[in-house]
Amino acid sequence: MNFAEVIVDVTTKNIDRPFDYRIPDKWRGMIKKGMRVVVPFGPRKIQGFVINVKDASDLSGRSVKDIEEILDLTPVLTEELLELSDWLTEKTLSYKITALQAMLPPAMKAKYAKEIKVIGNEPLPEPLQSLFSERNALSYSDIEDPRTLKLIQRQVQEGNLEVTYKVNQKTNKKTQRTVSALRSKAELKEALSGLSPQAVKQKAILEFFIEGSEGMTVTVKELVDKTGGSSASLKPLLQKGLLQEGEREVYRDPYQDRMFKKTEPLPLTEEQSRAYEAISEAVENDRHDVFLLHGVTGSGKTEIYLQSIEKVLNAGKEAIVLVPEISLTPQMVHRFKGRFGSQVAVLHSGLSTGEKYDEWRKIHRKEVRLAVGARSAIFAPFENLGMIIIDEEHETSYKQEEMPRYHAKEAAIKRAEHHRCPVVLGSATPTLESYARAKKGVYKLLSLKHRVNSQVMPDVSLVDMREELRNGNRSMFSRALMEELEKTLEKGEQAVLFLNKRGYSSFVMCRDCGYVIQCPHCEISLTYHRFGQRLKCHYCGFETGMPSTCPECTSEHIRYFGTGTQRVEEELTKILPQARVIRMDVDTTSRKGAHEKLLTSFGKGEADILLGTQMIAKGLDFENVTLVGVLSADTMLHIPDFRAAEKTFQLMTQVSGRAGRHEKPGKVIIQTYTPSHYSIQLTKTHDYETFFQQEMMHRRVQAYPPYYYLALITVSHEEVTKTALVTEKIVQYLKANIQGDAKILGPVASPIARIKDRYRYQCVIKYKQDHQLAPLLKNIMDHYKRDIEQKQLTISIDMNPYMMM
Ligand code: ADP
Ligand code: ZN
Ligand code: ZN
């Protein structure tokens, strides 16, 4: 094999294809599909992926360049993943390189350092001559003055300077210093007797090696810990040649120091057994079934996952479990590590780049057989997959909102097809799409209707907050919730208070004229941050101080609205001064490990009330929690998204599920301004089935998924007329060319009409089958290629949008 086809790290339309490179003789036979290499590309050296090797190239000998460097000694992408990347590219209309990179940990994405080198012999004009007088290369990032850059540009054109690109790898490995004995035990004993009596620490170290096993290697840290010695006392022993130092590669394992109590499989309930048997049967027969495990909160879905995984591991295969980022809590990690110990790799965004890379390598080296992680863990490079589980399958975080815009569920099904293994989708509130598929028999439905140990579902009551206001209660706590909180505290039990923050934030408004302070660059109100009294834009990062008067009418009655967790906490301590409150939000959990510390503390009963946002809605399982309060159920109901009702029902059901999961019965109080809405009404009876029926009716009437597929095209440009015009043209083109049963909506301004000074318009396509939509969309992208490459126009296509903003 003399040539390699390489996908290079450049994201433009024209370059989105493999390029041929010659394999230098020294690497013949070594370079394989799925390895990363560095190749020359124009004036640069860039990273690329080998996707094929072959004997001959169609290009004439001279124009084929040599591969410059190999970055991997074994392929980092398996053949299966390479194929999957093709599918990803097709499905999401992304660049090939973007799809390939999405499958690897961020540490393996190339970083480039731009360097400027002197190549001519002519003296350079000042100030360049002095700049380069001492060295012959400068880093591009060191040059700040744009005038200097201009000069450099000219010299590059004249051939006196050259810009080169170096590929920098971030894939550094962590090592630890180790010590081992260099002499026999007899010799060490002899040395020991020769030491001066004061050298107590040196003695202790020597004794440690004399007593230890032959040829033992320990880390310096361990040695110091065990002998009470120090680096200083170690030094003379090394110098005398009694001991020797070494280095050992270690993983940055964020969980290494923690103890995981080993757990044993629980005897399954009858419902659990039925589900488990069905999954087992598919595992035994290597059948690619997709199961929808629909089980009420607390029905013991995780135990079914654990026992199914055990079955897979016992068969010598591997498994992937996807868990939403937000519920990948230490508690969750414990459940898997407790059962499978060191066979587990955990991948989530809380890890550092290095830690993520190390966890990935454990999978790659086949040192673990179970990967538990958020969305991107779906690309774990296992080669003998026996099962993929997606917990909380309704979670929108499984959809990636940047290129490649894939949904982990679809990728999971694709991979499982290849490996002929089952997929298990679990949820108490499945997406309408999944449940509809299960009803049609495309997925196999497994239902768990009861909680384990037949605890009853918590008793949910709704409180109409309009009524409260009419009765003169202006507080954010209804009387019912107050009473229940007091009762819970009296009984020595715990409560969880949930503030539904998504969909609205604390904005600043003038009470006299109603003026809302907006970002000058984006069509969105600024968010108030109590810390430093700042106003921030969550889309572009714009920041400004809090004004003391209204910019519109100069009134002083300008203040922030919306209830932040801090304000809730303040009010709570006023009305329930005896309550110990733990607040969990982005502010209190930003430090590493803070999340876990707060939860552990709550679990130990060090607080009475856990107050928080979305991050406490899921996965928490505390014995003593008997009350759950939702401060406002409706905030998500009014976002411009056809899934608003579904999301509201899901969230309310999840939050309610935190109460009364063990012996003590639970109570839930949901405060709302729209108590009659079916998505809120039906949480009272935990009635998923009826919710499904009702919501399906709406979806049918409005032609939304699962009745129709959706695609969202968003166009953005600095000029509003151009934005509208391009979108209009796209709509016309689609209307003229799309076949059959499709609807094209738009052009309309996007719900957020401007971001970072760029206007945004959108068009929504609703279609039944794939009416050759992809080729049409590709034509559109081709048509606007130039404008897009010049970065003036952006057209983003989302083939399965979850964010309609
Ligand atoms: P879900 O994920 O369906 O909400 P979990 O898996 O968290 O439910 O289970 C709820 C609780 O029930 C957990 O504390 C779990 O340990 C316990 N549990 C699950 N299965 C059994 C069983 N068969 N016997 C006893 N306890 C169980
Ligand atoms: Zn005003
Ligand atoms: Zn902004």
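Residue 1 is the first one shown; counting continues down the chain.
Every residue gets a Cβ built from N, Cα and C, even glycine.
Database features (TrEMBL):
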- Cys510, Cys513, Cys550, Cys553: Zn(2+) 1 binding site (BINDING)
- Cys519, Cys522, Cys537, Cys540: Zn(2+) 2 binding site (BINDING)
- 282-448: domain 'Helicase ATP-binding' (DOMAIN)
- 545-698: domain 'Helicase C-terminal' (DOMAIN)
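Shown here: features listed in TrEMBL, placed on the structure.
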residue : record                : Cβ neighbours (10 Å)
Cys510  : Zn(2+) 1 binding site : 21
Cys513  : Zn(2+) 1 binding site : 14
Cys519  : Zn(2+) 2 binding site : 24
Cys522  : Zn(2+) 2 binding site : 22
Cys537  : Zn(2+) 2 binding site : 20
Cys540  : Zn(2+) 2 binding site : 17
Cys550  : Zn(2+) 1 binding site : 20
Cys553  : Zn(2+) 1 binding site : 13
Exercise. Could you round the CA separation between Cys522 (Zn(2+) 2 binding site) and Cys510 (Zn(2+) 1 binding site) to a whole angstrom and send it over?
Key: 20
Quiz prompt | Cβ-based neighbourhood (8 Å from the centroid) of the Zn(2+) 2 site, residues Cys519, Cys522, Cys537, Cys540 excluded | solution = Pro520, His521, Ile524, Leu526, His538, Tyr539, Gly541, Phe542, Ile755, Lys756
Quiz item: Do you know offhand how many angstrom separate Cys513 (Zn(2+) 1 binding site) and Cys519 (Zn(2+) 2 binding site) by C-alpha?
Solution: 18
Quiz item: To the nearest whole angstrom, what is the C-alpha distance linking Cys519 (Zn(2+) 2 binding site) and Cys510 (Zn(2+) 1 binding site)?
Solution: 16
Quiz item: How does the model score the domain 'Helicase ATP-binding' (282-448) in terms of mean pLDDT?
Solution: 94
Quiz item: What is the interatomic distance between the Cα atoms of Cys553 (Zn(2+) 1 binding site) and Cys540 (Zn(2+) 2 binding site), given in whole Å?
Solution: 27
Quiz item: From the Cα of Cys540 (Zn(2+) 2 binding site) across to the Cα of Cys550 (Zn(2+) 1 binding site), what is the distance in angstrom?
Solution: 23
Exercise. Can you tell me which of Cys510, Cys513, Cys522, Cys540, Cys550, Cys553, our binding-site residues, come within under 6 Å of ligand 2 at the Cβ?
Key: Cys510, Cys513, Cys550, Cys553
Quiz item: Beyond Cys510, Cys513, Cys550, Cys553, what residues of that chain have CB atoms within 8 A of the centre of the Zn(2+) 1 site's CB atoms?
Solution: Arg511, Asp512, Gly514, Tyr515, Pro551, Glu552, Thr554, Ser555, His557, Ile558
Quiz prompt | Sequence-ordered binding-site residues from Cys510, Cys513, Cys519, Cys522, Cys540, Cys550 with Cβ under 6 Å of an atom of ligand 3 | solution = Cys519, Cys522, Cys540
Quiz prompt | C-alpha spacing of Cys540 (Zn(2+) 2 binding site) relative to Cys510 (Zn(2+) 1 binding site), in angstrom | solution = 23
